[in-house]
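Asks: The region 'Disordered' annotation in TrEMBL covers 1-24. Taken from TrEMBL, the feature domain 'PPIase FKBP-type' applies to 82-174. The annotation domain 'EF-hand' is assigned in TrEMBL to 174-209, 218-251.
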């Protein structure tokens, strides 16, 4: 996927700011329980590749332009497809600099959690946020073919054929749902399939990390729902193929 990048210390679109006018919530990472519940949902419940509204699969000669506003000196981990990211981003229309989206005005001001590279955001953001460090800030210009195309997005106040500008601040890069590492962690007997006992053991450890009381019946209900949605051949196991919805090469 095409993308260009250059370093800069400036370059905000007109009207850009560090906070939204209607923002009043905290700007730090989400509380542990919210993070865990989100990870649990996307880990076992999200199936197929999401298609962002208005996104097209057609090829394009246009490119996403990336301007690095700040990159930390120490960067031991960068983002890649399938990672779970935590970020704030503001969206502007390139034609007049008007702001059409601000993540700080939603979810009580908490940064957004999403899986990179699988269509949970528009294609241009999937491209623009590859190889980012935690703490990095970017300004990106996304052409219509990697945004909402000829249709636009009425609910988002985005007209047809609109070029978009986003300012992004990345807070965290973590192992995404259904990572190879997590599969191996759950698969205690290394038979390349996940049994109910193995997943139940994993769920128990994850719930205990929150250090709060929880209802065992809820854990059991989650386990049953996991197998209902994921054990497609009904053999009582989740195979590596059934698990690998993000098509990691290692599985």
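Including glycine, each Cβ sits where the backbone N, Cα and C put it.
TrEMBL: automatically predicted annotations, no manual curation.
Fair warning: this is a prediction, and the values are worked out from it, not measured in the lab.
Can you walk me through where each of these features ends up in the structure?
Replies: Secondary structure of the domain 'EF-hand' (174-209) per DSSP, as helix, strand and coil residue counts: 21 helix, 4 strand, 11 coil.
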Asks: If I take every residue in the domain 'EF-hand' (218-251) and average their pLDDT values, what number comes out?
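Replies: Computed over the domain 'EF-hand' (218-251), the mean pLDDT is 77 on the 0 to 100 scale.
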